[in-house]
Each structure stands twice: as structure tokens, then as C-alpha cells.
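*Asks:* Got these off TrEMBL a minute ago, pasting:
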- A:81: active site, proton donor/acceptor (ACT_SITE)
- A:113: active site, acyl-thioester intermediate (ACT_SITE)
- A:237: active site, proton donor/acceptor (ACT_SITE)
- A:30, A:113, A:154, A:204, A:237, A:246, A:269, A:299: (3S)-3-hydroxy-3-methylglutaryl-CoA binding site (BINDING)
- A:202, A:242: CoA binding site (BINDING)
- A:222-308: domain 'Beta-ketoacyl-[acyl-carrier-protein] synthase III C-terminal' (DOMAIN)
């Protein structure tokens with residue numbers, strides 16, 4: 001039985017802070033940071049936005065794009081490292097808000113930046129086995145970076161939702177296959193009750209990101225007998241612009257092939273939504289027949305690789321929901337003081 | 001707000017579910033148990049509003065109620081839905097960008113929370129269309 005993306009939707013808060021405004025507060029060199037990270041600005045949630053509201057907006061965009069009956073969704077998985085409740089699912093709130101309840105299953109996932117793609121794989125299994133008609137996988141985060149920490153320059157907010165189905169005539173992209181690569185690697189973590197994550201600094205690079213992204217990407221290409229030349233576009237998890245650009249080069253993908261999905265320079269790292277946002281931005285531009293290669297990465301650590309083939313249906317539904325470029329356009333910039341207030345780093349006494 | 005009280009109203013808050021009287025063609029939000037015009041002759045049915053509407057009037061809150069102090073200044077307005085009902089809602093916009101008569105659309109936002117340990121309340125607010 002085929003499996004694929006029936007629809008997709010994204011959401012990005014309208015506020016941004018520039019790297020230079022964060023660097024000014026901590027006495028860092030903004031030019032060196034921006035050039036090194038390949039990130040110029042990042043999104044900031046509104047005072048009343050969190051992982052739940054962002055997940056709902058992305059899910060509603062996905063349902064609106066395909067005009068499907070939400071009661072057909074029989075599984076919802078929301079991946080995030082910033083679920084607002086420690087116990088109480090984000091996914092049930094999303095399910096009620098998109099009117100998919102009550103004949104369905106739901107659960108929240110956490111796997112640093114790849115919980116959204118893990119949800120896509122869970123949905124693939126359910127719809128391919130016939131256990132569910134449609135599955136909704138969401139990556140949504142209002143990620144945290146401690147004041148003055150390197151992560152503060154990139155930790156952003158956003159969400160992406162994918163409706164996964166098994167009827168080829170409904171799909172905008174067929175998922176040709178998926179492959180995962182997972183080990184116990186402590187490159188990034190946040191202990192229970194702690195407000196900010198810790199990370200292993202440079203340890204996050206080679207033994208974390210590169211080992212797992214390359215492991216999953218090469219594994220999938222070996223499984224399918226494909227190489228970079230077989231794909232029109234590629235998307236990799238984007239904690240910054242440097243890592244995905246480097247890993248793309250190592251795998252033989254040109255700069256042109258990763259350009260449409262490399263949204264991190266204007267968005268920051270949206271964690272569970274990071275790779276999924278890149279896939280959405282690529283689907284926003286792809287033509288029927290195009291092949292897209294994608295690999296999500298989550299610290300802890302693991303990577304999920306996917307091979308997509310875009311169908312004719314993309315042109316029929318693409319414009320029925322906001323494109324990623326439209327969500328990135330016309331941002332409202334804020335200074336560090338307002339950013340600190342929006343992120344709860346300072347509170348009224 | 002008690003957990004049960006919010007839960008009873010969450011569907012109408014999440015998705016603007018009200019009702020419609022088939023007898024007099026009047027729409028209600030929040031939903032009413034009986035039509036106040038038709039009374040026992042009323043024929044009420046559940047109705048989901050699209051959320052499209054216009055701003056009837058607004059005020060800018062500088063001195064907020066408990067739990068909203070960190071959001072000042074913010075806009076509180078009366079929105080008239082296309083089908084007729086009016087409701088009070090926070091308007092997600094910079095105070096200087098708000099105008100009476102402007103078209104608005106619904107957005108899903110956090111409405112509040114019951115302290116640091118209590119439940120989070122979500123629902124509909126409006127933003128310029």
C-alpha cells in the first residue's frame with residue numbers, strides 16, 4: 001500500500017529578533033556570529049502563543065489546504081521539546097481544535113528536534129497497515145535558549161503539520177521510503193523542571209548531527225539505490241545554516257538543491273518543526289515529478305531520512321493555505337528587552 | 001475559573017460553536033438553550049461560525065486585570081460576526097493599527113491560565129484579516 005503526504009500546513013509567529021540585537025546585550029561580535037551560524041534573525045512567539053497554539057494553527061492550515069473532513073484523522077502525534085504541560089497532551093487540545101475527536105488515538109512525542117518526523121513515521125505505519133485512514137503529525141516548538149548561551153541566537157518558534165494517508169490519488173507527495181539511524185548520544189538535554197537546555201558545545205557536531213544525519217541519509221540512499229543526482233531538492237535539519245550546508249555538500253547535493261528549504265537564515269531553529277518547515281518550503285516550490293530528499297535530526301540522538309516524489313496534486317492545493325515565504329514576509333522586529341519579556345526571561349514583579 | 005467550567009465551554013471557545021434558530025433565522029454566540037424570540041416555538045441547531053467579522057468598537061487596556069498585567073497595552077474589542085452575533089475578544093494587533101470597522105479573522109491563542117500550577121486556557125481571539 002502506498003503512503004504519502006496528503007496535505008501540509010505551517011505557522012510562524014510574526015515577531016523576529018536580529019542576531020545583532022542579541023549580540024549587543026552579551027558583548028558578542030554579531031558579524032562573526034551571523035556569518036558562522038548563517039542565521040540573521042529568528043522568530044519569537046507572541047505573549048499568548050505557545051507550542052499548542054502554534055500546532056493548532058499549523059494543523060488547521062494543513063486541513064484547510066486539502067479541504068478534507070477532519071473526522072477522517074484517526075491519529076495525531078505532536079512532537080515538541082516545549083510542550084506546555086509536563087503531563088497532559090498537546091495532541092488532545094489540537095485534536096479538539098481541529099474537530100478530529102473522539103474516534104482517534106493521540107500522543108505527544110519528544111525527541112529534541114526530530115519528534116515531528118518521528119510522528120510522521122508513526123503515522124506512516126498506522127495508515128500503511130490500515131489501522132488509520134489519515135494520520136496528523138506535527139512538529140511545534142517555542143524553543144528555549146538560556147540568556148547568553150550560544151543557543152539563544154537560534155532557538156526560535158514555529159510549527160509544521162503533515163497529514164499522512166494511504167490513497168495515492170489524495171497525495172501531494174508519495175513517501176518512497178524512510179530510514180532511521182539512532183544511538184544514545186548525550187549531545188543536548190534538558191532535565192525535568194529545568195527552564196533551559198544544556199548541550200555539549202562542539203560535541204553536538206561530529207558525534208551528534210553529522211554522524212546521525214549521514215548515517216540516516218546514506219542508509220536510505222543505499223536502501224533505495226539512489227544518489228544525490230536522483231533528487232531535485234534536499235532538506236536537512238537546520239539548527240543553523242552551516243550544518244545543513246556542510247552535510248549537503250558531503251552527500252553531493254548542490255547549494256541550489258537545498259536553497260528553497262534552507263529557511264533557518266530568516267527563521268532560526270524551530271526545533272521539532274525545523275526540517276518539516278524546510279520540506280514545506282520546498283513543497284511550496286516543487287513541481288509534479290520532483291524528488292525531494294530530507295533528513296531530520298534530533299539530539300539524544302537520531303535522524304530520520306525520507307524520500308518524497310511530488311505528484312500532480314501539489315499544484316491544485318498549494319495556494320489554499322499560507323506558503324512558508326508568506327509567513328516569513330513582513331516580520332515585526334523587537335529589541336532584546338521585548339524579546340526577553342515574550343520568552344518569559346523577565347517577569348513583572 | 002474551575003476546570004469543569006472551562007471544559008464545558010471549550011468547544012465553543014476553540015471553534016466558535018454557537019447555535020442558530022431555524023424558526024426565526026437568528027444566530028447566537030455563545031450558544032443559548034432556547035431562542036429568546038421564539039421561546040417554545042424555537043428550533044435551535046448547533047452552528048459553527050466561520051469567524052469572519054468586523055470590529056464594532058475597541059478599547060486599549062493599560063491597567064489590566066490579574067493575570068494580564070504583562071500584556072499591556074493590549075486591545076480589547078467587540079467583534080460582530082458575519083452572521084450577526086457580537087462578542088468581546090482580545091484583538092491581536094498593535095494598538096495603533098486598530099480601526100473601527102476593520103475586517104477581522106479568528107486565531108487560536110492562549111486565553112489565560114489558572115496560576116503556575118493550574119490548567120491553561122485556550123480559545124479564539126481575533127486579528128486583522
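Placed from the backbone N, Cα and C atoms, the Cβ positions cover glycine too.
Automated prediction, rather than curation, is the source of TrEMBL annotations.
How about a rundown of where these features are and what they're close to?
*Replies:* According to DSSP, residue A:81 (active site, proton donor/acceptor) is assigned to coil rather than to any helix or strand. Note on residue A:81 (active site, proton donor/acceptor): other Cβ atoms within 10 Å of its Cβ, all shown chains, come to 27.
Taken residue by residue with DSSP, residue A:113 (active site, acyl-thioester intermediate) is part of a strand.
A C-beta separation below 8 Å, combined with a sequence spacing of at least six in one chain, links residue A:237 (active site, proton donor/acceptor) to A:113, A:114, A:209, A:213, A:243, A:244, A:274, A:275, A:295, A:296, A:297, A:298, A:303.
Following the DSSP three-state reduction, the secondary structure of residue A:299 ((3S)-3-hydroxy-3-methylglutaryl-CoA binding site) is coil. On its own chain, residue A:299 ((3S)-3-hydroxy-3-methylglutaryl-CoA binding site) has A:112, A:113, A:185, A:187, A:188, A:189, A:199, A:204, A:208 as residues at least 6 apart in sequence with a Cβ closer than 8 Å to its own Cβ.
Long-range Cβ neighbours of residue A:242 (CoA binding site) (same chain, at least 6 residues apart, Cβ-Cβ under 8 Å): A:36, A:37, A:38.
Broken down with DSSP, the domain 'Beta-ketoacyl-[acyl-carrier-protein] synthase III C-terminal' (A:222-308) shows 37 helix, 22 strand, 28 coil.
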*Asks:* What's the number of neighbouring CB atoms sitting within 10 A of the CB on residue A:154 ((3S)-3-hydroxy-3-methylglutaryl-CoA binding site)?
*Replies:* 25
*Asks:* Across the domain 'Beta-ketoacyl-[acyl-carrier-protein] synthase III C-terminal' (A:222-308), what does the mean pLDDT come to, as a whole number?
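*Replies:* Summarising the domain 'Beta-ketoacyl-[acyl-carrier-protein] synthase III C-terminal' (A:222-308) by its mean pLDDT gives 98.
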*Asks:* Looking at the binding-site residues listed here (A:202, A:246, A:269), whose Cα lies nearest to that of residue A:81 (active site, proton donor/acceptor)?
*Replies:* A:269
*Asks:* Taking only the Cα atoms, work out how far residue A:246 ((3S)-3-hydroxy-3-methylglutaryl-CoA binding site) lies from residue A:202 (CoA binding site), in Å, as a whole number.
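*Replies:* Answer for this pair: 15 Å between alpha carbons.
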*Asks:* Quick one: Cα separation, residue A:202 (CoA binding site) versus residue A:154 ((3S)-3-hydroxy-3-methylglutaryl-CoA binding site), in Å?
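*Replies:* Between the Cα atoms of residue A:202 (CoA binding site) and residue A:154 ((3S)-3-hydroxy-3-methylglutaryl-CoA binding site), the distance comes to 16 Å.
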*Asks:* So what sits near residue A:30 ((3S)-3-hydroxy-3-methylglutaryl-CoA binding site) in its own chain, CB-to-CB under 8 Å and at least six residues off in sequence?
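*Replies:* For residue A:30 ((3S)-3-hydroxy-3-methylglutaryl-CoA binding site), the qualifying residues are A:18, A:19, A:20, A:23, A:24.
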